[in-house]
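TrEMBL has this to say about the protein:
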- 31-338: domain 'FMN hydroxy acid dehydrogenase' (DOMAIN)
- 65-67, 94, 116, 144, 209, 231, 236, 264-268, 287-288: FMN binding site (BINDING)
- 118, 153, 233: glyoxylate binding site (BINDING)
- 233: active site, proton acceptor (ACT_SITE)
């Protein structure tokens, strides 16, 4: 079963179908990027392993931050964390997780986890969250920068269960959970100069998620962040921005190898993974397919999604003559004129 099949099997009839609908043809740009395979190379052994921020992962296919996993499966983010640990990949936990951070860590104590932060207007709450995730063993802080305001999300729903709680956004003083309908707004005043404040709070590497231009990529390097996730937020924020794969090339060229660059958005096949790495991404992050797998069969559905992509990626590497991730480079890519 391909990832598209998991979409239909998992989400049809699920309440989260209306929250994470498929976006057809949004990433059709992938089809004009062609591969240039090399042959007569010994590909009897192909190594998929790589590292991100100095931590080893089994394959450069990791899990992007998405919220409200309990809509897709009762154990929510705990199931996702277990699947990531079993696959040996990184899981970025969302600010809008529906399970507590403590429960997510307890579900997969040896898993590699990063934490995604939507910056809150309450500075004390930001500080509390950052200190908590560092103490819980998260290995990086991912700050989402492309949501100074929620975009026009036509598919969003307003009739979700009011009992759904954000267990990590309670008041620092009271420590209570926050119903998702009463969430505090994301801080629209955050700017580049604020990054030094975040850096003063933690020793964790800071990754900026949502960068799409060379100008912002250069500023990210200037402000000493450790990585960028090239992302257009799954096409849910601003219409008419580039596909992530197109913005990737611009960002990679701008950082000149000084920091690691990752990408999310539109990855559905092993060839997509290979193309992203050939264009300079250190690894890719999956969003919607993880939720499809979770809705399909919980932890095991997420594992199935990751295994599908891993096996396809292995095939793609083998058929293009790449024996290790280090051998994947720009020479594999040709742009179609069609």
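Glycine is treated like the rest: Cβ placed from N, Cα and C.
Recorded features from TrEMBL, shown on the structure.
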residue : record                  : contacts (Cβ under 8 Å, 6+ apart)
65      : FMN binding site        : 92, 93, 94, 95, 116, 142, 144, 209
67      : FMN binding site        : 94, 95, 96, 97, 98
118     : glyoxylate binding site : 95, 96, 144, 147, 186
267     : FMN binding site        : 61, 273, 276, 284, 286, 289, 309
287     : FMN binding site        : 64, 66, 234, 264, 265
